[in-house]
Every structure is written in structure tokens, then in C-alpha cells.
Ligand SMILES: Cc1cc2nc3c(=O)[nH]c(=O)nc-3n(C[C@H](O)[C@H](O)[C@H](O)COP(=O)(O)OP(=O)(O)OC[C@H]3O[C@@H](n4cnc5c(N)ncnc54)[C@H](O)[C@@H]3O)c2cc1C
């Protein structure tokens, strides 16, 4: 069995820092490492070889120094490695990267299994795996949490997304992107490390792999980064350092909740900046008859972009008749019409059927742009559809603008929010964009309009769902109005009850920083941040949290942030509305007492 593992070399996120003068990310001198999620793909490849025999072939597209990443993979136990490198390949987006990987794979000699990490920590697109699968014309199974069995030309795996788990059988060859929970990557021993230094690693140029020059690198990329900039400052912190901190915090809690409750989410129609012919579409993600809420969140932003471009907003949904109530509901969120690509017998997402259905309506109705909620299924669907309809896909965006020519500017965080990139897709239509959840608010804009049903005839699929489970995991953190965040300043797991008490009197929910979840002090599903949950409460109170960027990206949508920290230099104080320089063990008990006595507006 030939097992390909595709990896990426990235700057070590732990060593990246912001220049305090220019506010830019300092890249110089930062060591490069294997993208951490790819380590799990390498490990899984080696484990599959240990179970079933064969060869693990690691590939990467990158500059000459990416060879080091391949040597590390060899040291872990991979058999062969190829470096795909050429100046002309620099600046590739996921479309051009996946095309290049596909051409290289064809050259090296195809495999049975292709493994990718779920995401790259620098860009978080989650696109390259499924897009490579699409170029190769083979099935792609994203978010694999377990390989159950491989045999008779088939693989049986568990696929886990936010609230669904499926046991799936696919014919090989196939692409699999693996979750970080699938295994624990091994550490290479010293001998293997030494041996890996002398292994010959062939280099493949664009000519070696026969890549068309207009499909690689920056020139071949449908999407272009036009600006890289520091994250915007959105808060104006008021800091308190005095003896009456509990009372001060109480007053700020009351003030914050009063202000936030008074603001009703209303839609203010903007003046058009340009006129385009195509419509703006929002893909409505669902599990059977249940909509994924992020679809409604991004609908309001879709409405705004449609109005800025003087065009119509449409919802687009793929599914069977179970989705009819969802279609009806969409008209509460500002759509002028809904396209329903009807796939009889497929109430749940299946990549090949849903890609075909969505591509068919796109090709027929030619929208200007499509916004997808940043859920796992939607990201995968957007990835494969972008290759099918031959357009660019911009990932994980958090803000948008348009210009007078009708170009959409999409801005997304890189390196977990240390830096922002603004990206356009100037020459391909539709512009496809995935939007991070928890950033926009669902706004009720009641409308009436038509439903256009497109019957999808070709319902053939390579996927066999052997078992489907809807996970009953309500994400209490994401839904909470008040969140009390606890960080390492709490010092011991027993002390978390202090935060629980505060949460209880405020009717809130406790969340934690990553170290607390990692140490097992609190459940992992209560972790806030880049690798945890993005929250968007009315009020977030951070207790003993320093305010690392990876934490901040998870709380940027909070309406008000109050921080209590003993260290005046803690970055959280630059990123809150109200801050108390003080000891949580002194401030919080007093605060709990006052809230208990006087209550707060809910
Ligand atoms: C790839 C990657 C992903 C990550 N994802 C996440 C993520 O999703 N979420 C996340 O949170 N982190 C994440 N991190 C980790 C992040 O970089 C920080 O290490 C982490 O957020 C720090 O947690 P903390 O603020 O609790 O701890 P620390 O940084 O140690 O801060 C503790 C704070 O407590 C204060 N303190 C101590 N005693 C008291 C006291 N008595 N009263 C008041 N204050 C006190 C200190 O002054 C300090 O500021 C990630 C890191 C990486 C590399």
C-alpha cells in the first residue's frame, strides 16, 4: 500500500511576536517547524503501514529549506520524501497548491491513501486536502478521527464534525484529512534523526511535474492577498487600580449589560457603492431539518454586501424535503430568494452528491459571490466545489468591504490573529468565501420571495454511511450571554469554584484558557480561543488570563470585556473595555457578595 502524506512547513507560532513599534509580525529568525496538525497525518501514515504494510511517502511544496521538514518526517519513520520546489510556485493559494500537489503525485506515482493534517496553523483554510482529492478525481473524507479498517480496496473510518459522527466506507484511493485527536505523534529517536540527515530527497520543479505555468504560484492563484496588516484596535480600555475594585467592577457590569441590552440589532441598509449583475448567495448549512446557526449569522453580512453591490441576496441549500422549514425561516433573515438543490434521499451532507448539486446551481445561475458558514462540512463542500466550478476560495474571513468596481475585499486572521490579510478574487466568479462562526449577529429582516427548486438527477455516490450519530453536544459556551473566563492565575483546580460562584450569581457560564483545559482542570469543550470555542457573549469577564492572541481571537466578538489581572503589563488590558489591576482572590469574593445582594440587569 502506498500512503502519501502531504505536509507544510510553517513558522513556529510560539516564537512569533509583534514588533511593538510597527505592530507588524516579526518573521525574521523564527524557526520553521512541521505544521503541528501534519504531525498527526505522518503518525497515522506510519501506523497504517505498521498495520497493513507498504510505504509512507511524504511530500511538501515549499522553498528549499522545507527539505528540513521532510527530514523530520523521515526521522519519524516515513520511507521516502519529495520536495516540490520552484520559484514559480511561490505565493500559491490553495487552488494552485492543490493543483501542484496533484501534478507531483501523478509524477511520483499514485497512491492508495493520501493523508493531510486538518489545517495549517498559519492560514487555517482546511482546503488543500479536499481540493487535492478533487484534482485527483478521488473521494475526500475530511475530519477523520479514526481509521477502523482497510481492506479489499476500501477504507472504513470515523468522520467527526461539530455535531455529527459518521462511520463511512470509501473505495481507495481516497484523501483523508485527520483530526489532531486521532493519535499522539511519536518523537524520533536520536539515531533516526542522524540517519535522516543523509537520506536523499529528490527535488521536483514545475517542469519535472509538467505543471502548467498559469496554474501555479501567485500567477496561477485565483485569490490574491492585497494587504497584510496588524489586527485593528476595537476597544478603548478604562483601567482601575484602587481599593474599591469589587464595587467598580460591579458598576461596570451593570453599565455594560444595560448598554448592550438597549442596543437592538437592527439592519441599516447601506448606500450602494457599485452595481453587479450576479447575486450574492449564502450557503445554508444544516444537519437534516436542523439549521446550523452560523448560516443565519452570516446572512446579515450577506445582506449588507448585496446592498452595497446593489444586487439580490439569495440563500442556497442542498438537501431533501426536510429542509423546507429551514427555507421558510431563511426569509426571516433578509433573503430575497432561496435556491434549493434537491437531492432526494440525502438529508445529510455527503461530499460528492452535495458538491455536484451545488456546482450545478452555481453553473446555471452564476452568482457573484457565495458566503459559506465556517463549519467543517461547509468548508469541505466549499473546497471541492471551488475546484469543480474553477474559482478561488477565501477562507475563515471575519470582515468584508467592497469598492466602486464591485470587488469584494475579504479580511481574515493569519497565525491565529497575530496578523490580518485582505484578499480578493479579481478574475474568477463566483468569489467563494468561508466565514468564521461567532463573528456576525443574526439579524431579523423579514422578507418574502420565491423558492427555486433544482432537482438533482445524478445522485451517485462513492461514500457509504454505515452509521450516523447526531451528537447531542450543545455548545453552552457559544450560546452564553455572560461568560466568566478563568486562566492560569486561578492557581489550582479547586479555586475554579470562585469563578463558578461568580458565574452562578450572574447567570453565566465558566470557560477556561487552554492551559487549564490541557491540564485537565476543566473540560476541553469549555476552552475559549483559537483551538477552542469562539464566544460572543454580551459580557466576558477574564479572571487571571494574560490575553495571548490565541485566546483573544476567541473573545473578540464579546460585546464588553472586563479583565482582572495582577500584572499591569498583561496584554488583556489592551484588549478589554474595563480592567482592574488586582488580585482575583481579593476582588472576586467581594464582587460575588455585591452581586448577590443587589443583582444585575439580565
Ligand atoms: C497553536 C496554539 C493554539 C492555542 N490556542 C489557544 C486557545 O484556543 N485558547 C487559549 O486560551 N490559549 C491558546 N493557546 C495558548 C496561549 O498562547 C497562551 O499560552 C494561553 O492563552 C495562556 O493562558 P493563561 O492566560 O491562562 O495563562 P498565562 O499566560 O500564564 O497568564 C496567567 C495570568 O494570570 C495572572 N495572574 C496570576 N495570579 C493572579 C492573581 N492572583 N490575580 C489576578 N491575576 C493573576 C498573571 O498576571 C497572568 O497574566 C494556544 C497556543 C498555541 C501555540
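Quick reminder: no glycine exception, Cβ is built from N, Cα and C everywhere.
Here TrEMBL flags 22-213 (among others) as domain 'Electron transfer flavoprotein alpha/beta-subunit N-terminal'.
Residues annotated as region 'Disordered' in TrEMBL: 221-240. Long-range Cβ contacts of the region 'Disordered' (221-240) within its own chain (Cβ-Cβ under 8 Å, at least 6 residues beyond either end) map to 18, 23-25, 91-93, 95-96, 248-249, 391-394, 409, 413-414, 417-428, 556, 561, 568, 573-581.
Residues annotated as domain 'Electron transfer flavoprotein alpha/beta-subunit N-terminal' in TrEMBL: 280-463 (among others).
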Secondary structure composition of the region 'Disordered' (221-240) [DSSP: H/G/I, E/B, coil]: 0 helix, 9 strand, 11 coil
Averaged pLDDT, computed only over the residues in the domain 'Electron transfer flavoprotein alpha/beta-subunit N-terminal' (280-463): 95
